[in-house]
């Protein structure tokens, strides 16, 4: 009888110890989650502006980019379609992501649209779409909000590090871009911690000779300069430079990132346009029922 009581006492004590350990573990987990939530609130929001347009590769490129953004805390993804209305494809895609997003649309007038045979540099893309995002920011955020604005095309490639580097932007941060303008990279010239010029081949005398993927702007500057927008009438290849001049900036205002602009953390990649000349042959061979128009 004594041994049975002893066994029961030991069992109860063991159970109590396990319960105490479990409670402490849950308390520590809750506290850790609270600390993480507090830390997230302290992080500046990065507003990622991404124009997009209908093409065979659209969903694939949005998917790839979204998988990068899923690893970036405290972001708001503004996706703007070049379309007269929201498309089902993009709407469904954004609904499936776990990224805080805003879905906008505006159609580019036909005279400013690229033809399939045009060289990629002939006309700017995403002009009205980026402007729609800037309008949304000015109407839906406050000049006192702490945020950073970044123009990120859906076909580029981004290191996670670049988002952390831009997060503490005070005015305009800047960094190199790889695989751009027929070069391995372009980058700002940095001397004693300050941007003093540009290592570029095409029009190096531009005030801000950078690529769209090579800079980020603090949100309060967007509010301070409501006239600052892109335009289809800007000179060819000068969307970025002309846009930045509208903020009354000097080179002194630029904040070099990526180890004083010596690292490549974003690449201006381009997906080869898909060619599908055998679609009709497949339907003819197997029939429309066997080869339906599935969303890709």
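A Cβ is built for glycine as well, from the same backbone N, Cα and C atoms used for every other residue.
The Cβ of residue 240 (active site, proton donor/acceptor) has 21 neighbouring Cβ atoms from other residues within 10 Å, across all protein chains displayed. Positions annotated as active site, proton donor/acceptor by TrEMBL: 240.
Proximity of residue 269 (UDP-alpha-D-glucuronate binding site) to non-local residues of its own chain (separation of 6 or more, Cβ distance below 8 Å) is seen for 155, 156, 157, 179, given in sequence order. The UDP-alpha-D-glucuronate binding site annotation in TrEMBL covers 51, 52, 53, 82, 125, 130, 153, 154, 155, 268, 269, 270.
Look at TrEMBL and you will find 155 tagged as Mn(2+) binding site. All protein chains included, residue 155 (UDP-alpha-D-glucuronate binding site) registers 19 other Cβ atoms within 10 Å of its own Cβ.
Under the heading site 'Interaction with galactose moiety of substrate glycoprotein', TrEMBL lists 186.
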Residue 240 (active site, proton donor/acceptor) to residue 51 (UDP-alpha-D-glucuronate binding site) - Cα separation in whole Å: 15
Inter-residue C-alpha distance, residue 153 (UDP-alpha-D-glucuronate binding site) and residue 186 (site 'Interaction with galactose moiety of substrate glycoprotein') (nearest angstrom): 17
Neighbour-count leader, CB within 10 A, recorded positions: 153, 186: 186
